[in-house]
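S.K.: From TrEMBL, here are the annotated features:
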DOMAIN    13-47  domain 'LRRNT'
DOMAIN    232-283  domain 'LRRCT'
TRANSMEM  296-316  transmembrane segment
Amino acid sequence: PVLLGCGSAQPGGCPALCECSEPAKTVKCVNRNLTAVPPDLPPYVRSLFITGNPLTELPAGAFPAQRLPDLASLNLSGNHLRTVEAGSLALPALRQLDLSGNALVSFSPQAFGEGGSPLEELALRGALRDHGVLLSLAALLQSGVLRNLSRLELADNGLLLLPAGMFTALPALRQLDLSNNSLVGLRNVSFQGLGQLQSLNLSDNSLGVLWNSTLAQFRSLPALRHIVLGHNTWVCDCAIEDLVAWLKESDQVEGKEALTCASPDKMLGKALLKINGSDLNCSVPTDLPSQLQTSYVFLGIVLALIGAIFLLVLYLNRKGIKKWMHNIRDACRDHMEGYHYRYEINADPRLTNLSSNSDV
């Protein structure tokens, strides 16, 4: 009962509708129908839980830095947050932030202030359904404000593609969770600069193949030892050869023995590690750009040959062509003279009454 706040809080006390523990430096405002952040949070708080409330926005100064100098862990999951404004999370000691289970539509790239933030863990599970918020988050991550971030959770967001260069300014990142999305490819995603990355979860997506450029990035990350690829829609045609070869030689992938083909039908359920060249029937190269380049070269040779034959025919028949052109010129001249003669007759008023059959 001592933990329950009643009435208005005194300085250093507990806000109404919240539960506080000064020895544990914890405040919990869970399922209290709050529509705004309590303005009278005790300054001793280090762990703050405001969850399950109809809270829709975080305005600037929602958590005053001077009043909450020690706030290190902030859980705002399961609310109805739609807007996170600039300066709303500018806390000097903030290390952990959970915004999961909200329906964000606006996330200011300046939410953590203009300077760097000490934030180390950011959870956004199921909070990025709006594409505009994803772009805002990418701008935030690329700005370098969260250079201390070591854990980033982006699971359950239905993501199809990720903005290019989204993770390039996160040198301290160790854990990246992209599971349970709808990712169809990683070709535009750069993992360069993530030298501390240890764990990458790509399970439960719609990946059909991982190209050599992505596999090369995985090989180049010295700390990356835990890659999860389960429950993806692997397309077992010739394009998957590089992935299969990498799986057989790499020790980075957890549970790789359970990875199976989703298509085509003849390969359905076959383990990727058991695929060999005869299964794929890769007699025709799958590199489309190379095929197009070869086709263009062949087309150029054919057109050049046709042009050479045409010029040769013209050269061999140059006399006949010259005579033919002279005949056309003479015929055109006679035709034009006839038009000119008829025009002179029609233009002379003295000849207007002459019969059209008269011999002038």
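Backbone N, Cα and C define each Cβ position, glycine as well.
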S.K.: Please work out the mean pLDDT for the residues of the domain 'LRRCT' (232-283).
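M.R.: Looking only at the domain 'LRRCT' (232-283), pLDDT averages out to 92.
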S.K.: Tell me the residue counts in helix, strand and coil for the domain 'LRRCT' (232-283), as DSSP assigns them.
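M.R.: Summed by class, the stretch gives 25 helix, 9 strand, 18 coil.
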S.K.: Which residue counts does DSSP yield for the domain 'LRRNT' (13-47) in the helix, strand and coil classes, in that order?
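M.R.: Across the domain 'LRRNT' (13-47), DSSP assigns the residues as follows: 0 helix, 9 strand, 26 coil.
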